[in-house]
Amino acid sequence: MGGEENGKGEGLVEIHMGSKNKYRRMDSEGTEEDVVLSNEGIAKKNHNTKKFVFVCAIFASLNSVLLGYDVGVMSGAILFIQEDLKITEVQEEVLVGILSIISLLGSLAGGKTSDAIGRKWTIAFAAILFQTGAAVMTLAPNFGVLMVGRLFAGVGIGFGVMIAPVYIAEISPAIARGSLTSFPEIFINLGILLGYVSNYAFSGLPAHISWRLMLGVGILPSVFIGFALFVIPESPRWLVMQNRVEEARAVLLKTNESETEAEERLAEIQLAAGTANAEKYEAKAVWREILNPSPPVRRMLITGCGIQCFQQITGIDATVYYSPTIFKEAGIKGNTQLLAATVAVGLSKTLFILVAIFLIDKVGRKPLLYISTIGMTTCLLGLSLTLAFMGNEKIGIGMAILAVCGNVAFFSVGLGPICWVLSSEIFPLRLRAQAAALGAVGSRVSSGVVAMSFLSVSRAITVAGTFFIFSVISVFAIAFVHTCVPETKGKSLEEIELLFQNEGVWKGGEVEMGDAERLVQREQVGGVSDC
């Protein structure tokens with residue numbers, strides 16, 4: 001519509017503003033200035049949109065600080081709890097590992113809760129439960145009350161680890177979804193680092209005071225989570241499921257760079273929800289489909305739940321929870337020195353998660369998973385050999401610290417953050433919350449089993465032998481990534497779902513955008529959509 005040769009049309013150009021077309025005469029002197037101002041307005045809108053989504057992702061991830069802090073702080077606090085409350089080794093294992101087992105209750109309930117009250121308020125509920133648990137643990141006079149606090153904290157963590165990636169995936173544009181959905185893993189790592197620093201800071205105090213202060217500091221993030229509830233919007237996909245389409249449109253206008261793009265995303269969500277949410281799936285129907293899945297859903301479950309389990313059974317929680325035990329085995333003496341060494345582990349884990357954030361939407365999910373799992377295998381094997389043949393030697397201590405730091409660094413580059421990214425983006429809307437909850441259950445159970453058995457297994461086959469087993473499991477993780485994880489970089493949630501329709505594409509692990517578009521067209525032509 002650049003112009004017509006008759007006098008009426010001369011000098012007219014079409015300016016797109018949202019979904020309406022505006023015409024402006026271009027033969028005036030102020031034309032170029034108007035275009036510049038218009039471009040500046042668009043750039044400002046884009047900047048504000050990115051900033052808003054970024055802030056929402058940060059606030060939604062705050063619960064993950066609580067999980068990370070608990071994991072990090074307990075590795076040091078357990079030394080002083082053992083001294084103060086005189087608990088046995090079995091009680092120590094139960095106290096450390098029970099959090100992950102109990103958290104599966106929150107993860108199982110999290111899918112239904114988030115569908116019932118919304119993603120936003122499920123985040124709030126998770127924070128309340130965890131803070132209650134943290135307060136009880138801080139004031140616990142004995143082992144029994146301490147376990148009650150762990151119960152509340154564990155259920156809260158179960159809700160938190162399940163809902164944050166789902167919420168972020170549902171508000172993020174496809175081009176940045178990988179980076180933004182990795183935020184919970186960043187904050188877990190930040191929490192672990194803060195826990196290690198807290199251990200070191202309070203390690204010089206009397207035993208009956210130090211561990212209470214260590215655990216009590218974990219209550220502070222609740223202030224920021226409360227503030228976050230006044231900033232973050234509800235998920236537009238959940239709003240559509242509730243037939244609150246106008247509210248969903250308002251959120252999409254804030255999280256997309258143009259009105260046209262927002263309307264396109266809204267149409268996709270309505271289609272995925274089932275013809276503008278005309279047909280709702282009840283919880284029983286959802287679980288029936290998950291427990292008796294079609295071939296595409298089965299592939300999604302294998303990928304989502306499998307990557308969650310491999311994240312834990314490769315021993316990351318054992319490395320983090322029991323890093324003082326590992327370093328003691330290597331030859332480091334004294335609680336303060338042990339806790340100082342763990343700070344290096346926390347720094348490595350946190351710094352390398354930032355590397356993943358910069359690369360995940362550029363390099364892709366699968367290449368980073370290869371780098372991660374191969375690197376972890378090398379470091380786990382190196383740690384095993386170091387502890388077996390070079391324990392209590394100066395060079396052995398250095399190599400053990402290097403191997404542990406390398407293991408957590410490679411974990412943070414790939415398997416750590418990408419696990420949550422994949423789990424939140426591969427499932428269709430009708431199954432997303434419940435299937436993500438199921439994957440989180442697998443993660444928490446695996447974590448609990450590893451944490452609750454590490455000391456007993458290490459006593460039976462040595463710490464070196466235990467890490468050799470972890471290195472073997474890590475080899476299987478490499479094979480799993482190669483066989484069962486497709487590349488999802490740059491694709492919309494609806495396009496990702498279609499990748500699993502074709503077993504060849506799923507096993508091949510690579511698909512071009514054009515292939516996904518042809519799959520979409522094939523589904524539309526056939527009049528069938530599994531969205």
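Any Cβ shown, glycine's included, is placed from N, Cα and C.
Heads up, TrEMBL stuff is auto-annotated, nobody curated it.
Some features that TrEMBL has for this protein:
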TRANSMEM  52-82  transmembrane segment
DOMAIN    56-489  domain 'Major facilitator superfamily (MFS) profile'
TRANSMEM  94-111  transmembrane segment
TRANSMEM  123-141  transmembrane segment
TRANSMEM  147-168  transmembrane segment
TRANSMEM  180-197  transmembrane segment
TRANSMEM  209-232  transmembrane segment
TRANSMEM  338-360  transmembrane segment
TRANSMEM  367-389  transmembrane segment
TRANSMEM  395-423  transmembrane segment
TRANSMEM  461-481  transmembrane segment
**Study point:** Feature contact check the transmembrane segment (367-389) with the transmembrane segment (461-481), CB under 8 Å, 3 or more pairs
**Key:** yes
Check your understanding: Looking at 147-168, 338-360, 367-389, which one has the highest count of Cβ pairs under 8 angstroms to the transmembrane segment (52-82)?
Key -> 147-168
**Study point:** Cβ-based contact of the transmembrane segment (94-111) with the transmembrane segment (338-360), 3 or more pairs under 8 Å
**Key:** no
Practice item. Counting only CB pairs under 8 A, let me know which of 123-141, 338-360, 367-389 has the most with the transmembrane segment (180-197). Key: 338-360
**Study point:** Segment-segment contact (the transmembrane segment (395-423); the transmembrane segment (123-141)) at 3 or more Cβ pairs under 8 Å
**Key:** no
Check your understanding: Mean pLDDT for the domain 'Major facilitator superfamily (MFS) profile' (56-489), as a whole number?
Key -> 86
